[in-house]
Amino acid sequence: MNKKIIIANWKLNGSIQLLQNLLKPISDFVKMNHISSKVIIAPPSVYLNQAYNIVLNTNVIIGAQNVDVNSFGAFTGEISVNMLKDINIRYVIVGHSERRLHHQENNILIAKKFEVVKHAKLIPILCIGETDKDYNLYTTQRVCQKQIDIIFDLLGETAFCNTIIAYEPIWAIGSKKIPSLNYIQDMCCFIKDYILKQQNINKKSFFIQYGGSVNENNIQQLCKIPDVDGFLIGSVSLSLNKFLKILKTISIDK
Ligand code: PEP
């Protein structure tokens with residue numbers, strides 16, 4: 001059975017009201033329909049604890065959108081892996097392109113965050129992907145390889161054991177444009193093979209997501225791509241009807 005992992009990134013959107021109007025019905029839906037796919041919702045950090053309590057006793061999991069590399073101390077405004085563990089959060093998005101762009105996070109910092117998350121025995125969701133310039137220059141594979149290599153350099157050959165990698169072409173995020181299905185398959189297959197070549201682990205010990213303008217209309221096609229283990233969804237995850245349609249589609253498409 002092909003169980004997809006669905007990750008919803010709420011980005012800088014959310015409120016106590018939204019937890020009730022969006023998260024609560026999603027978790028009720030997952031529970032009532034016995035959706036067995038992993039559904040991970042990443043709200044802004046101030047809502048993590050409340051969100052965790054809303055989804056308690058359902059299959060929905062709450063994840064964080066970001067974490068600091070430091071564990072404690074004079075780092076105003078940051079949150080640490082220990083704080084996430086303290087409130088039972090196990091999944092953390094690392095290296096989202098918006099963090100790379102708006103917060104100047106480079107491959108080295110992202111690799112350190114990935115390391116901190118793994119050492120804390122949490123599960124990193126590493127975002128990698130090319131810009132439209134890279135895409136037009138046909139350098140996508142080289143760019144992704146670099147984003148992966150730096151993590152191997154820091155963590156050694158078991159770096160990607162028990163992790164999720166979200167392949168997200170930056171030009172597809174929020175643009176309503178997706179690459180061709182063949183292109184997504186080729187890239188996800190490339191990433192999988194590249195990681196397996198560097199390390200002696202089972203291919204089931206890590207997962208490859210596709211992210212970038214996934215919606216309720218294209219999900220059925222995207223589900224057919226063999227090397228895609230699931231999806232990271234941004235804007236559409238904020239619409240209850242559209243997100244539930246996606247969950248329905250992936251649960252039928254097994
Ligand atoms: C994202 O931000 O990771 C993302 C995939 O966004 P969207 O679905 O809106 O393209």
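Cβ from N, Cα, C; glycine included.
Positions annotated as substrate binding site by TrEMBL: ASN9, TRP10, LYS11, GLY174, SER213. Taken residue by residue with DSSP, ASN9 (substrate binding site) is part of a strand.
Summarising the annotation, TrEMBL assigns active site, electrophile to HIS96. According to DSSP, HIS96 (active site, electrophile) is assigned to coil rather than to any helix or strand. The Cβ of HIS96 (active site, electrophile) lies under 8 Å from the Cβ of ASN9, GLN65, ASN66, CYS127, GLU168, each of these being in the same chain and 6 or more residues away along the sequence.
The 10 Å shell around the Cβ of GLU168 (active site, proton acceptor) contains 24 further Cβ atoms across the protein chains shown. Positions annotated as active site, proton acceptor by TrEMBL: GLU168.
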Structural state of GLU168 (active site, proton acceptor), classified by DSSP into three states: coil
Among ASN9, TRP10, LYS11, GLY174, SER213, the record's substrate binders - longest CA distance, Å: 14
Tertiary neighbours of GLY174 (substrate binding site) (same chain, Cβ under 8 Å, six or more apart): SER213, GLY234, SER235
For LYS11 (substrate binding site), nearby residues of its own chain (Cβ under 8 Å, 6 or more apart in sequence): PRO44, GLN65, GLU98, GLY234
Per-residue Cβ crowding (10 Å cut-off), top of binding-site residues ASN9, SER213: ASN9
Listed binding-site residues adjacent to ligand 1, that is, members of ASN9, TRP10, SER213 whose C-beta is under 6 A away: ASN9, SER213
